[in-house]
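Lifted from TrEMBL, the feature list:
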DOMAIN    B:186-388  domain 'Cytochrome oxidase subunit I profile'
TRANSMEM  B:12-34  transmembrane segment
TRANSMEM  B:54-74  transmembrane segment
TRANSMEM  B:86-110  transmembrane segment
TRANSMEM  B:122-141  transmembrane segment
TRANSMEM  B:148-168  transmembrane segment
TRANSMEM  B:188-212  transmembrane segment
TRANSMEM  B:224-246  transmembrane segment
TRANSMEM  B:258-281  transmembrane segment
TRANSMEM  B:293-313  transmembrane segment
TRANSMEM  B:333-353  transmembrane segment
TRANSMEM  B:373-395  transmembrane segment
TRANSMEM  B:415-435  transmembrane segment
Amino acid sequence: MKIDVEKSLLWTATGAFLLFAVGAALTTIVPPMVSPEMWKSDYPVHEYTEQEQRGIQIYLSEGCVYCHTQQIRHLDSDKRRYGWRLVDAPESESWEYVNDRINFLGTKRTGPDLARVGGKYSSEWHWAHFKDPRNMGEKFPNRKGVYEKVSIMPSFDYLTDEEIKDLTAYIQTLGRNKNWRVDKDGNPLNDYEK
Amino acid sequence: MKQDTAAKTMIISSCIFFGFALTMGILTALKFVVPTVGDIEYLSMPRLRMLHTNINLFGWLLQANMGILFWILPRILHTKLFSEKLGVAMGVLYNLTIIGGLVCIALGKVKNVEYGEIPPPFDYLVAVCWVMFLINVVGTVAIRKVKYLYVTVWYTLGAVIWTTFVYITGNMLSQMPVMAGSNQANLIWFYVHNAVGLIFTPLGVAIAYYLIPKQLDTPIYSHKLSMIGFWVISFVYVWTGAHHMLHGPSPHWLQTVSIIFSFSLIIPVMAVITNFFGTFATAPRGKRMLGPIPKLLMMGTVYYVFTCLQGPFQAIRSVNEITSKTDWVVGHAHMALFGAFSYYAMAGIYYVAPKLAGRKLYSEKMGDLHFWLMTLASIPFFAVLWIGGVIQGFAWLNPENTFVETLAALKHAHWMRFSTGAVIFGSYFLFFYNIMQTFFGKYSEDAEVEAETVAAE
């Protein structure tokens, strides 16, 4: 029997489906089987508290992910830029995200990456920054000048005080799954300005 | 029910949505230069952006494509639409669904799926509409009166089948309770990339495969190239999702696989493009560029070449290091969805609307003007995003530059993007007015008589 695909609805449809299905299966179902670090971790990973989870919901509905990624790529430039006090930030790895039910890896850096921002600034700083990133008041005079002119982060002063606290609580957890900020003797400094 | 009601409903509403989508786009661009305008929750930049992408993808482009195909399919298959009633029901449900979804987005009730922010239950309703569309497409092919299936039909069949899985994976499976972290991200990027590659590409190409030979009155250049293009794309496109995570927290082997297949995409794309340009080249000179339709098709194809050459190169690790996460990506995405596929859709609407209205297009001149304004504005619009992206990418390499300094360097690029975007926005109204006049306007009887004689021929 000679099959003429171009005359047959069934064969065209089946052919298109089968060819597609190979790649579809191998790039969605197979990866978590071959690379279990995509969904499980051999190291302790932070479990979000209720407050932090509320923060995650705010991060989601305010769409922070459209301006901020959460991944230190495996590149020197990323590690250097998002480091802290001359310590390079370690690269992000799959296992660090296993508790992120809602992932915010992101695709666009209109603002800086936030993967390791937890602990970099005080919660007071975040408060002032969310209220108005262009003028954070007397206490943070270094935010004047160039920030005043070019920061294009929206001000989130329409969020309630509670909401800003929840959001900040979440932000402060970011990047702490790797113990990377240590002093000269190797003691962790991760709780800096919590 | 009257023939082509479904096509007409969907085409008209898609044109209206297009206007809203561009409004959101221009407002977003404004936020990049003056971040303090409209400083309220519902107009914050991320909300505008989500509205911009979702209105464009679902309200405008997908709907326009479905409307145009509702008209084209019965014509190539020498039959009627399988069920006009199902088509209209789907059109109405679809529009209500999209409006519901958009209201949710404006209120901040969203999923963390880029391009798929529309939350349940509306995303499930989109899937229901899609299945209704699938039934209509497959039904129409089944009751055809011709033996052979033309290329347009292959692509449409491919799209309806692939999209069903792609949409469900990205919007439903990715939200299942066991999904998290980079595993979830992988599913979402599978959707994001294939939304463009296996929904809009095949539908757009399907429309172009019908319009180019029809409009130019020239057979398609090469049947073999059509086949290569179609069968290769069905195999290679779907593998590429992970190229959104290059250098990122996802398995290295998966990234490499996506790079290899991203590069292989050059094959089907070049097959399609050679075919389109070949058809243009063999067409009679006088017809090649007459009126807005062939111009839009030609320019759409040119943009298609550019996007599809950018894609494979962006997926190379070293190039990706510079371009990824910058404005470059925004330029790339705009050239695919606006440059290539919206151009094809507009060409399709210019072609189908007069047929639906039973008379000539209201004004060819206005169509030409629309084309030129939109094109001359979109070239600098894309270019400035790429240039900005490359500047940003290289600036980030140097740790001496603070982040805000690298942002300051883009001030001019962002102004350019806003002003060229404004021209694109303005030229949309010429398109909209032209189409609405064609459907509903009163204009000289001459034109109608002429259309009748054309129809009689």
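Glycine is treated like the rest: Cβ placed from N, Cα and C.
A TrEMBL annotation is a machine prediction, not a hand-curated record.
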Sequence gap of 6 or more, Cβ distance under 8 Å, 3 or more pairs: do the transmembrane segment (B:122-141) and the transmembrane segment (B:224-246) meet that?
no
Restricting to the same chain and to residues at least six past its boundaries, which positions have a Cβ under 8 Å from a Cβ of the transmembrane segment (B:12-34)?
43, 45, 48-49, 51-52, 55-56, 59-61, 63-64, 67, 91, 95, 98, 342, 345, 349, 411, 414-415, 417-418, 421-422, 424-425, 428-429, 431-432, 435-436, 439
Which sequence positions outside the transmembrane segment (B:188-212), separated from its termini by at least 6 residues, show Cβ-Cβ distances below 8 Å to it?
57, 61-62, 65-66, 68-69, 72, 76, 112-116, 150-156, 158-159, 162-163, 166-167, 169-171, 174, 220, 226, 229, 233, 237-238, 240-245, 272, 276, 279-280, 293-294, 297, 300-301, 333, 336-337, 340-341, 344-345, 347-348, 351
Do at least three CB pairs under 8 A connect the transmembrane segment (B:333-353) and the transmembrane segment (B:148-168), leaving out pairs fewer than 6 apart in sequence?
no
Could you tell me the mean pLDDT over the domain 'Cytochrome oxidase subunit I profile' (B:186-388), as a whole number?
94
Considering pairs 6 or more residues apart, do the transmembrane segment (B:293-313) and the transmembrane segment (B:333-353) have at least three CB pairs under 8 Å?
yes
